[in-house]
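Annotated features, as they stand in TrEMBL:
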type	residues	note
TRANSMEM	6-26	transmembrane segment
TRANSMEM	38-61	transmembrane segment
TRANSMEM	81-100	transmembrane segment
TRANSMEM	212-230	transmembrane segment
TRANSMEM	337-353	transmembrane segment
TRANSMEM	359-376	transmembrane segment
TRANSMEM	396-416	transmembrane segment
TRANSMEM	428-445	transmembrane segment
Amino acid sequence: ICLLQINFVACQLFALLAAFWFRIYLGPSHASSAVRHAFATLFGIYFAVFCFGWYSIHLFVLVMMNYGIMNMASIPNIHRYSFVVAMGYLTLCHISRIYIFHYGILTTDFSGPLMIITQKITTLACQLHDGIGRQAEELTAEQNRLAVKTRPSLLEYLSYLLNFMSIIAGPCSNYKDYIAFIEGRHVHMKLLEVNWKQKGYDRLPDPSPTGAVMYKLCITLVSLILFLTLTKNFPMAYIIDNEFLDKTPFLSRLGYLYIVTQAAKPKYYFAWTLADAVNNAAGYGFSGVDERGTFRWDLLSNLNIWNIETATSFKMYIENWNIQTAAWLKRVCYDRAPWYPTALTFILSALWHGIYPGYYFTFLTGILITLAARAIRTHCRHYFLSSVPLKIAYDVVTWVVTQLAVCYTVAPFVMLAVEPTIKFYKSMYFHVHVLSILVLLVLPIRPQAHPRRKPQNQAMQNSVKSK
């Protein structure tokens, strides 16, 4: 595991240097799209082999199987076949991990890149289905914007899935955004959304990612220091240590749970922020200009640390954690599910993460807490908006409750196995489960609208009427 961690960091740091070189010497003005695609692909393959050895064959097998599906399957079924094959192969690999690594693998292994590639394969398949197999009026505005009108060439396909910027730690991006980046249209397209003449510019500015990269590298360095100091000294397993449970009062255990959960975060902050910086260094990830006129490089950002640490609701917390995976779940499942989109999305998320029981404890608990938090917010929040002191008190209480609820929910995700999870929840008297159920019994749940599906459904109704 230590060797895998060292390989991971070495590859990402080398990818960072390669990304700067790629942007400066192989920029769209210096090299053709084919050269940029080829370089990104070959370096990505090299990194995968270096980091994961013969296990990297799984990545290449899945990529080539789905390239065959993309070219041979009928467009009405391309997204279904791609989804079943990609998720099926990923699940088989997850099962094999239990026998290869048992429960000790808590860090980097070949399934991480396989999970990212699965996201990209299914994203492209759905967007290709939208672009070729459906009418524009059947699509939502976002589906229309991201729809892919032609099948990619082999080089474009390999570059999108295996490029060195995202092969190790992601994130997943949309195919059209990636192709626009390779062809040199990525930044230009975003800049055209702003009226620069009104701002006093004679021509379009040329945003540099250097400042954003340096800022993200600082966050990466701090995260690495915290990981080396905190994570090793505050292991999650200690919260179910028999001596700790016997001698520590319940409220103290809750406080320590918060500490060990905080200590588990830096490795995610490190990996995701470094991956974001690598893409930015290559010139990818520009998302436009904010209200203050600042250039934003957060198109591929996977987390918003400030919003996570200050979240006053369960919803706010999960919306700012693993952002690109949440976007993938929305695009391939939530927006397309014929019924029960929320439940199906949670199930897909659990399957994508793996088959360790701890994942399912976390996601099932998460559903319960989400419903309870929604009910409390709907029925109670408006009573605390009448004055500033009441609103501050409400925010403080909801922050404490949210942070502790998240700690309670994610502990099984780190523990993985059934026995420590049950032991942990018993030591906590299942208090969050019990409180959530009581809330749902006392406060009725109002039915939630599904506004994101309305444009598509309305278009389908209009289509039927016209026929």
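Cβ from N, Cα, C; glycine included.
Keep in mind that this is a model prediction, so the values were computed, not measured.
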Among the ranges 6-26, 38-61, 81-100, 212-230, 428-445, the one whose Cβ pairs under 8 Å to the transmembrane segment (337-353) are most numerous: 81-100
Stretch among 6-26, 81-100, 212-230, 396-416, 428-445 sharing the most Cβ pairs under 8 Å with the transmembrane segment (38-61): 6-26
The transmembrane segment (428-445) versus listed stretches 81-100, 212-230, 359-376, 396-416: most Cβ pairs under 8 Å: 359-376
